Amino acid sequence: MSSNENPTLSISHELALDRDCTTLSRHVLQQLQSFGPNAQDLSALMNRIALAGKLIARRLSRAGLMEDALGFTGDVNVQGEAVKKMDLYANEVFISVFKQSGLVCRLASEEMETPYYIPENCPIGRYSLLYDPIDGSSNVDINLNVGSIFSIRQQTGDDPDQTGQDLLQDGHQQLAAGYILYGPSTVLVYSIGKGVHAFTLDPSLGEFILSEENIKIPRHGPVYSVNEGNFWQWDDALRDFTRYVHRHEGYTARYSGALVGDIHRILFQGGVFLYPGTLKNSQGKLRLLYESAPLAYLIEQAGGRASTGRQTLLDVVPTHLHARTPLIIGSQEDVELVESFIEERDRQHDEELIPTS
Ligand code: P6P
């Protein structure tokens, strides 16, 4: 090599190095085409979310070998659900990664009745994090996939009584949303309103590295994902849909009991996930602000659709922090098929109400 030549990598090595350097924080800045304060905030927020994902993934990978990592705490959360030790750990992780960040003033989670404040952040931290720290925790003790779901919103007003009333806004107000899937690999999927992108954790680097960019959900897919054990509790329309997929070729049932894994499959393969209202819970089981709305934001960014069955999910304004709604989410054509059964039954019901002359 003569003195005036700079050493250069081969193209393939250069591309590989560049990809390994496309971390989440860098990708956010690339998406926003800005290094301004708001872009830096979002980049830092996503970096902290990634740190939470790494800490939770590490705990999950060792839980079977650790004292006191698995099993139940003996407590019941605000949802009336038995709390797993991993739920508690993951909830604390998200709080810890945002301390001394100057970013997030307030966190609202499935595990906490009211929002948690980080006072040192509040004077300047104008962001709120809404999250389900471990979604699908019934899978934790049997080593099946689980996930974390997150949503970032701007703190709009003051919250003098610290009840998070200003969080009761529709899903279009979200600044960022996504999930972390703890599976054979740990994958973080997110959107800041500029498409959907997936990052895979490289344990040897300790970094989430870009693995899929601008993910688009198929307009139709074979998967329908629902707990058919609730069939007896559903409205007629959902039974009509279930009978339809039972009688038509090209459908396959996949249901893991963990929302994030089921949604991740549908994001890549197409199809529809449903958690309808039931006799026991007319609004279904899934919570709007930190489960359905973040996933709806993401799926719509990927070109899919999410609804309650009668209303676009992102339009729903919750009445309280832990409000639930029915959820039908996935490929545009498949969600619309479910909605068509609901519309037909509603039409028949309205006709029955019209007095015959
Ligand atoms: P069911 C897990 O508890 C969860 O919130 C979601 O992850 C999952 O999709 C759903 O509940 C499973 O509920 O009633 O089918 O067991």
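Glycine is treated like the rest: Cβ placed from N, Cα and C.
Keep in mind that TrEMBL annotations are predicted by a computer and have not been checked by a curator.
Here TrEMBL has Asp132, Asp135 binding Mg(2+) 2, and the candidate from Glu5, Glu291, Glu300 in that same listed site is Glu291. Same-site candidate for substrate binding, as annotated by TrEMBL with Asp135, Gly136, Ser137, Ser138, Tyr255, Lys285, chosen from Asn121, Asn227, Asn230: Asn227. Listed by TrEMBL as binding Mg(2+) 1 are Asp132, Ile134; the candidate from Glu110, Glu111, Glu113 that the record includes in that site is Glu110.
Among the binding-site residues listed (Glu110, Asp132, Ile134, Asp135, Tyr255), Asp135 have a CB atom closer than 6 Å to some atom of ligand 1, in sequence order. According to DSSP, Gly136 (substrate binding site) is assigned to coil rather than to any helix or strand.
Nearest neighbour of Asp132 (Mg(2+) 1 binding site) by Cα distance, taken over the binding-site residues Asn227, Tyr255, Lys285, Glu291: Glu291. For the pair Ser137 (substrate binding site) and Glu291 (Mg(2+) 2 binding site), the C-alpha distance works out to 14 angstrom. Residues Asp132, Asp135, Glu291 make up the record's Mg(2+) 2 site, and a Cβ search at 8 Å around their centroid adds Glu110, Tyr131, Gly136, Gly147, Ser148, Ile149, Leu259, Val260, Leu286, Arg287, Tyr290 from the same chain.
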